[in-house]
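Participant: My structure is below; once you've seen it, I'll send some questions.
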Amino acid sequence: MDVSPLLHHLLGLVFLMFFFITVTTPFSDSDTSGEPSRICKFERFSEVMKECSALLSSASKLKLDNKRIYGIASNIYFQNGDWVQEAGGAPLMPFDDSDLPVNFSDPHSLLKLVSFGVMGVDFDHQLENAVGVCGLMSIGITRNRTLSDVPERWYPWFHSRPGNSELTIPFEGLYAESEENGGERLMCLLGTSLFPFSEGFSDPLELSMGYGCAHDHQFPLLKNDRILLVLRYPQKFTLISRAVHGEMRSLNDYSDPMYFDKVYISSLLSYESNYQFVSEKLVSKACEPYPYNDDLIDDGIQTSKKIQFCIVFQMFSGEMFDIVANLKCDGTEKSCNNLGPFVLGSKTKVTSTMLDNFRLLMTDLHCVPGEDYDKLRTAKVSAVFRAVSPLENQFTATGRTGVWGTTISAEGIWNSSSGQLCMVGCVVLANSRSDGCNSRICLYLPSSFSITQRSIIIGTISSLKKTDSYTPFLFKKVLRPLDLWNRYSEYSNSYLSYKYSKSDLARALLKRNENLKLGTLIKKLFLKYPTVEDSNNITGLSLLSDELSFGVYALPEPLPNGHLPKIFVTMEVLSLGPLFGRYRPHLKDNWQKGETERHDNFNSTKQKPLLNVSAQLSMSGNSYSHIPMLFLEGLYDPRGGRMYLIGCRDVPGFQKFKSVNFESRMDCLIEVKVEYSSKTTRWLINPTAKISISSRRNEEDPLHFRPISFRTSLITYIDNSKEIRFRRNFEDIFRILVLSASISCILSQLLYVKKKADVIPFMSLVMLGSQALVYGIPLITNTVILFKWKEFQNHQYLPHGFGKIMWFRVLDCTMKFLLLVTFVLTLRLCQKVWKSRSRLIANKPKYLKQNPSDKRVFLATWTTHMVGFLLVHIIHNLNTEDSEHLRTNDKLPKWVTNLEEYMGLVQDFFLLPQIIGNVIWQIQVKPLRKFYYIGFTILRLLARAYDYIRDPVFNPYFHDREINTSSEFFSKSEDVVIMTTLAVLAIIVHAQQRRNINKLNQIPKSKQCKPPPHGSNLFEDFLSK
């Protein structure tokens, strides 16, 4: 259902709510009541008769009853019309532009809008040719916004803030009708309002320049009841009479500070007005013989004929169309620098390149089926077309109703025999008549789409004049795949289809890129990619189309030097196999016919794994301005998750290119490859896509461009609970295996020192203490070990009921038990070293200069880690100072958070104290077993490598695709440095111990260190059993 007509009806009801109310309560300056009952007082009848005598003299005898006057009043309101003012130095109201930067100038950002509606009728003062009425006007200057649908105040009021000034004026006066100008409805009214001008200022313009919230100026608001408004409405709502015109002027003297220059008002009639199709002669002038032979439209386009035209056409009310203005530009200014019949005005300096950036807005659609037996084969149509400048806010443009030369009123006929809607167009100006109807407008609704035809509606505007004519232009609405299951879902499911024409070229591209390497074959055998089990299953194809579509940021490959370009890439699948658009279960009834036809036409796809696909690819950024949008068609290979596509792009000003390789004015010599990541590894690596674009043209061709390649960021999908559970399982089992391996390493060291007791004193207590600390803290604080749960830190997310699964509790208890065993065994090593050093004091070897002590080792290790922490803290703060999102534990100071993360490095660099001790003690023994220090090093490398590979878990419902800040502390490059340092530390320990053995072999056996005598110790004896 179209929203625009419904909105117009609601606005009409708002004004009519207060139509029947006539109250005689006197107005006072201090009255600030917001009740509409105080609007109509009808106290100025004698003043109105005096000021409106000229209007009454031209009015015809009026025959009004209650029913007729109520019907008239409901049609003579308008919303967001335009107003302009004579340049006489006395503005209607001030405007505060402090919301914009200094030296900013854009006339299109300011909108002068006006709304008016009748609020009541005074039958007590009804004349022979007039009746008393009252109304309310809202008039203002806004920046890129329209007036409120309902007046903010129902009494005289002025309000100003940066970027907005608005004046509310209640009026009362007379309604009359005249036979002049083909029949007019006239209103002459006197208004009362509050003006922000005081007698202390002789120049109102000077006052208005100083007025504004930015300067906090508070000027007195003076009551001004000397305002005259005259509005002229056509009695018949037709092709050439559908606009309201009026003027508002001040009755004060020019020297009065409340005087303002004359204001001219224009607006289209409200949508609820009863349009009359009485312009058959003008329509036949433009459309006979029907259908018109339109040479701007390609012959191959198939139009929809067997459709409920009025229902379908109403869907396009309020739609914006792209304009292709220079199809027949011959190089002259007259031919290339105008936009058909539209009068753009002096403020808009138009160039040939700027014309294609204009948009065409179609509103106020009226469609009446023909008089044939089923009322479907013909239709009468009326519409309004408005040219919208690229400098104008296109959102506010849809709500405006002014008619200053950029508006065309159109009326015409549609016939199912040709599928062409042919209309005559008239430029809407003040006092416009049929001599301004010199344009022909033709519209078509294509029934099939292709790589070069992606428009859901196409139209042309051409001149009816044989001399002094303008250059015709084409306008169209390019179909976005998103519209197929949004605004046009029922229409597309019932009437539209896609015609593939590039399958052979795409198959050739696939063969050129086939890779028969072993790695590729393994991927196809063991990895799964987005696919559908049955290529004729419409629901499955619809889900797959959603999965293959994305809109994310991307980075070029390879990364350029310097600033990284910010690219937003949108890939939208239009059709996939037999499916065009999307299929939703609630639309099943409308799909029955189309679904049956698609099954019949594509039975052969069961034997073919490749799927035909069409899509649309758009890219933002200056680097890709030459290919901002590509229309794609080709094949999707679900076995390898790759698309092989042929691309087409629009070429602005294609006439200047001499190349003959154009298809429907498009460059289609483009090849595109899209590679999707595997679904099998989604638990570990988030899905991304790699896009490669290349031109098939020679380098000398002006349309040739260099190959483009980029990798997208994370592509979110709806339900990732399965992947999260798998990752949680894997990480818990991985921790259990690492703890079990750690226990093996410690037991191996215990066995080693049991056989070689002379090496026990030379194991570093700082090394063992740091490991005991790493194992003990998680037991006390109930935190995880090895690595944290990695996620995007915008939102903490786990699937519903995730923590209630018994299996995860069992794994958690197993980890804690193994952690406790590892902690106790590490303490056992510490105890052995401590007692062995105590006994070493009594049996010190002669060649040992000093007893091993960890005091200097601790100081050196502490100093090293303090310097390392400061460096990490400074570097990390520099990298994250511009981040707008805080970390999940943002309640703690940054240095505390950074220290917590740095403790992982202390665990990684556990061999550092041993290396320092070996240097200080100058020993000739091998205190650590290879299985111990190499085993622990491998375990830490595995943990770091896994953390390096895995991607953060995302929340599919609240993921910010622009800010992908992860909970990980170290970057991938820093992880590489850490892993390299781990390996280097193990190599250093190995080299030191090998050198110690060589030195020991050079010492006589009589002088070598012997094991100290064992003493009696109950705790040691208990643990050794």
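Glycine too: its Cβ is placed from the backbone N, Cα and C atoms.
Annotation comment: TrEMBL describes 1-26 as signal peptide. Positions annotated as domain 'DUF2921' by TrEMBL: 49-263, 283-468, 515-709. The annotation domain 'SWEET-like' is assigned in TrEMBL to 721-996. The transmembrane segment annotation in TrEMBL covers 733-753, 765-787, 807-830.
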Participant: What mean pLDDT does the predicted model reach across the domain 'DUF2921' (515-709)?
Facilitator: 82
Participant: Six or more residues out from either end of the transmembrane segment (765-787), which same-chain residues have a Cβ under 8 Å from its Cβ atoms?
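Facilitator: For the transmembrane segment (765-787), the far contacts come to 731, 734-735, 738-739, 815-816, 819-820, 822-823, 826-827, 829-830, 833-834, 854, 857-858, 861, 903-904, 906-907, 910-914, 917, 943, 946-947.
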Participant: Under 8 Å between C-beta atoms and at least six residues away from its ends: which parts of the chain pack against the transmembrane segment (733-753)?
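Facilitator: For the transmembrane segment (733-753), the sequence-distant neighbours (Cβ-Cβ under 8 Å, at least 6 residues beyond its ends) are 759-760, 763, 784-786, 811, 814-815, 818-819, 821-822, 825-826, 828-829, 832, 928-929, 931-932, 935-936, 939, 942-943, 946.
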Participant: Report, as numbers and ranges, which residues of the same chain sit near the transmembrane segment (807-830): CB under 8 Å and 6 or more residues beyond its ends.
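Facilitator: For the transmembrane segment (807-830), the nonlocal Cβ contacts are 728-729, 732-733, 735-736, 739-740, 742-743, 746-747, 749-750, 753, 763, 765, 768-769, 771-772, 775-776, 778-779, 785, 1023.
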